[in-house]
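According to TrEMBL:
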BINDING   THR14, GLN15, THR16, GLY17, ASN18, ALA19, SER61, THR62, THR63, GLY64, ASP134  FMN binding site
BINDING   ARG375, ARG405, ALA406, PHE407, SER408, GLY439, LEU440, CYS441, SER442, TRP627  FAD binding site
BINDING   THR481, SER547, ARG548, LYS553, VAL554, TYR555, VAL556, GLN557, ASP589  NADP(+) binding site
DOMAIN    8-152  domain 'Flavodoxin-like'
DOMAIN    226-468  domain 'FAD-binding FR-type'
Amino acid sequence: MEIKSKKLLILYATQTGNALDAAERIAREAERRACLVVIRSTDEYDASFLPEEDAVIFVVSTTGQGDTPDSMKVFWRFLLQRNLGSHWLEGVHYAVFGLGDSGYQKYNFVAKKLDKRLSDLGATAVVERGLGDDQHPSGYEAALDPWMSALWSRLYEIKPNFFPEGPNFLVPNVELIDRPKFQVTYHNIDKMDSQLSSATDFEYLEMQIGRAYSMYAGKVSHEKCKPDAFLQMIKNFPLTRVSHEKDVRHLEFEFVTQVVQYEIGGVLEVLPSQNPAAVDSFMHRCNLDPESFITIHPRELENHHLDNNVNTLEVPIKLRTFVELTMDVASASPRRYFFEVMSFFATAEHEKERLQYFASPEGRDDLYQYNQKERRTVLEVLEDFPSVQMPFEWLVQLVPPLKKRAFSISSSPLAHPDQVHLTVDVVSWTTPFKRKRRGLCSTWLASLSPEQRIYIPVWFHKGLLPPPPPSLPLILVGPGTGCAPFRGFVEERAAQSLSCSIAPVILFFGCRNEENDFLYRDFWLSHSQNDGVLSEAKGGGFYAAFSRDQPQKVYVQHKMQEQSQRIWNLLREGAAIYVAGSSTKMPSDVMLAFEEIMSKESEAPRESAARWLRSLEKAGKYHVEAWS
């Protein structure tokens, strides 16, 4: 009889790093119970070995509109093979924890379909799947804590060999605190290497980003280290009135490096620049030498995930440069584990007690009020607990990574061959304690001027709105900054109309006031006149809803109802629907409006209209890109 591994396998699929955080938390809790753990990303594990596992914990996020993370796509395709059969995973026990956002229609869709597929293949669930929700005040951890408690209890009943010391044994935290995941090596370097000294400015920045990212590879495994291109800003002007509460900007950039052939509907990721004063304060607070040269490697610990692609011959990088490019010290809030580790390095007793309370299940709600709700930064937390001196190895592991910010591209390469345009809402808000907060990347971009000639590192990705052929009729719904990608769509159709015939396009736009936040007003109106793409002469149309300009609120779905017949006629001609904007209520409200229109115009029951909409989705003719 085959003896299966007594190591608990944890497989994670992450897009932004949150699922990795959760997987590492589960791994730590398992190790505290003397359970041997192997943790892997789904793109680093051969799915054909699943039948040989004793038990597997899956931690998976849902991206976009119910999509699997990039790192899970190959793994998921393997599981969908028809030849695997309903007994393929017989004898394998599993548990699934999902990370999602209930503001989206397909909330935690990946976790739900993975759970069903594993069951269909014969695997046995240890506990009911757990579903973490970004919308919850405490984030996904609100669901993770009780789910883990049930997991350990049930897993011990089924597989006691995982816990050789029994279900109630806990390794003292002080033993685990000596084992950060990363090892930092300091180097004596008198002068810069010749490769850097001969580089141009953007080549130098590209090499520095490549070095920093290669050392930080454990954070998000599928990252491309080097940017796809560098851009420089050539225009920056407001789209909203200066007195308006919102500040939305139109930004234009040109390529400094080789032009990337992007598509309309695509996404541009930007690596923001951190405030130099904040980085200086972090260095000073943590007693770090910004001029020292370092290399960073994952520690070779048996129970921790190792990235086999990590280059052990990295060229050293300045400590300050590494922090600037990879560690979000003055924007993101730290995770709960940050407070737990801080408690071990606190020398003041009252600080130690408060940190231990914050890290406990009982203190979770108070930690939420102090940390997440106030959006306290790493630097602010460290300054609130002055007796704490954390080793840099722990800071590398626990400070949230500096994430690239994604923006919908609002230009067409046919209209602007060497440029990329963005529509950026400058994020700002006030916390419950009346502290002003600003989004890191949007504020930085809005502050730039063309005269500065700043090099901006960017990465291009396909978005959730695939480019339509010119012969396909389009129904576009884009309230607020949701109109951004459709500016590119209209530009593209206008360029295509010079060389071929184009199908009709109708666009529904919405904002609060015609005078204050009618984004791209002149652009839309010019294309809706004089045989433009959105003109009635071309079978098109442009319809704007101004929600606050009259006593009764008017939204895009009301304008859609007014054009019920036109929408129905276009759908009968095979039109595709594209929806973009806020993920709160808008996508579901718009879908309900389409249901009502289809039901009314076809004189069919609502259920039939809903089925038709689902068939449009499956046929690739109903696309949604939403953001929170």
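Note that Cβ sites are derived from N, Cα and C of the backbone, with glycine treated the same way.
Recorded features from TrEMBL, shown on the structure.
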residue : record               : contacts (Cβ under 8 Å, 6+ apart)
ASN18   : FMN binding site     : SER61, LEU99, TYR140
ALA406  : FAD binding site     : VAL267, LEU268, GLU269, HIS461
SER408  : FAD binding site     : GLY265, GLY266, VAL267, LEU422, THR423, GLY463, LEU465, THR481, ALA484, PRO485, ALA580, GLU625
LEU440  : FAD binding site     : PRO272, GLN274, ASP328, ALA330, SER331, ARG405
SER442  : FAD binding site     : ARG405, VAL424, ASP425, VAL426, VAL427
ARG548  : NADP(+) binding site : ARG512, ASN513
VAL554  : NADP(+) binding site : ALA545, PHE546, SER547
VAL556  : NADP(+) binding site : VAL477, PRO479, PHE508, PHE509, GLY510, ALA545, MET586, VAL590
ASP589  : NADP(+) binding site : TYR555, GLN557
Practice task
Could you check the binding-site residues THR14, THR63, THR481 and say which one's CB has the fewest neighbouring CB atoms inside 10 Å?
Solution key: THR63
Fill in the blank from the handout: Minimal Cβ count within 10 Å, across the binding-site residues THR16, SER61, points to THR16
Handout entry: Among ARG375, ARG405, ALA406, PHE407, SER408, GLY439, LEU440, CYS441, SER442, TRP627, the record's FAD binders - longest CA distance, Å
Key = 25
Practice task
From the binding-site residues THR14, THR63, ASP134, pick the residue whose C-alpha lies nearest to the C-alpha of ARG375 (FAD binding site).
Solution key: ASP134
Problem - Summary of DSSP states over the domain 'Flavodoxin-like' (8-152), given as helix, strand and coil counts - result: 61 helix, 34 strand, 50 coil
Exercise for the section: With NADP(+) as the bound species and THR481, SER547, ARG548, LYS553, VAL554, TYR555, VAL556, GLN557, ASP589 as its recorded binding residues, calculate the greatest Cα-Cα distance and give it in Å as a whole number. Expected result: 19
Completion exercise
Here the 10 Å Cβ neighbour count for ARG375 (FAD binding site) comes out at 14
Problem - Per-region confidence, the domain 'FAD-binding FR-type' (226-468) (mean pLDDT, whole number) - result: 91
Handout entry: Neighbour count (Cβ, 10 Å) for ASP134 (FMN binding site)
Key = 16
